[in-house]
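Presented below is the structure to which this report refers.
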């Protein structure tokens, strides 16, 4: 994978993570985690919650992008049309 | 004759672009746009409204203040609506006049413009910059490059602080920054946004438009033959070639293009507009300004490169009102009107009812059946309100609360436990009721939420 491909994957998943974070935290308040049975206390601060959420979405998006790119890249030789 | 495996480079090597400085009508327009937009960006956080920051997205408290209005996560649909309006406006203006957004309003263009200006201040014009980059390191080069870096970093840092100032009150943020008592997340986001500005406007520049921007890839889908684009008049310009000033080009078998390549030198994305419309063109019109200047000096009419539609270039008449623009325009108008109504009709107080989970009902000593609920009020108004409660839908039902006076402050979220009581003989099984809260200090504010009232089933 080229360096610029990696940059594009990270960038696309960054954009997706921004949108996901916005939608997710419009619905769910990170503070609600504090009402959980065993709340991870460090997570129950709102800013920490938002930030962790953002990086979580980014990580998931990047993983999906990398896997997609890898699977497309690593198809058996000669069988793909291009 | 099998050819061996061959390395194919998918990308051409990136060449640094040194855009030449340009002046003219469209450059003036862009400078005005830059001043207005950046002025707004840096000034808005300082604007006060009724004793609080006029525009503040208070994430820790989940409240968005915009002038006199306070928005809550429950109003999220309004933001979605606004984003749809923004996207559709982009489509509408793209169909009308191409990439207006890219050339004049995109943050990438606007900040790049400022960063290039600072670069020019320290490193000189295009030729001086190219020479400086080629020259070996010397005290002079270090001084110039260092000065530029210092200006860039300072500007990026101020940009980062301003950005965070939309989320944390900027009047507390600045003193906290200089007394080094900034919170962890604030520090992180100041540096993150500052670094993004520095990298994108200082180094990435046109590469952001060419490789990163999704809009740049699909904007072509909104174009048609009547879209206003930056166009080179091939018929008039070709065959291109140099000639002496004042000589008649047609006598020499030449078009109006003198092949001075100024249009290429001023292009921030490094393309040659004479090859026709290209994906890289951000429609900044720098080439128009440069070419108009040359035409003036050649005493030829302006507009060898100009804003023109495909139709008008071919000698036809441009149709502004056509199905594409009419549909985009009317849907856009409807959405904007709808948005205005939705904001205007927004309920100022909202209420949710949660049933007590511990007991279905309770029998009081004085012979009533009681159900306990928690009412959760959200006051989106700028003013505090006193409320009175009422219950509908069940004969003989009354509602009371231990709170002495039910008042919900401006922007406050308030949870109140309440009891709904019905004389024991009057009710059996489950009933739907409606809990109503109305403001006692202002008429017209009334909210309600439905709930289920449970009583023992009479045999």
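Cβ atoms are placed via backbone N, Cα and C, with glycine included.
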Handout entry: The annotated transmembrane segment range in TrEMBL, which must be one of B:76-97, B:98-119
Key = B:76-97
Completion exercise
Most Cβ pairs under 8 Å to the transmembrane segment (B:76-97), of B:29-49, B:150-167, B:326-344, goes to B:326-344
Exercise for the section: Please give the average pLDDT for the domain '4Fe-4S ferredoxin-type' (B:246-276) in this predicted model. Expected result: 89
Handout entry: the domain '4Fe-4S ferredoxin-type' (B:246-276), counted residue by residue under DSSP: helix, strand, coil
Key = 11 helix, 0 strand, 20 coil
Exercise for the section: Please indicate, using numbers and ranges, the residues of the same chain that are 6 or more beyond the transmembrane segment (B:29-49) and have a C-beta under 8 Å from a C-beta there. Expected result: 55-56, 65, 67-68, 103-105, 107, 109-111, 113-114, 158, 162, 165-166, 170-171, 284-285
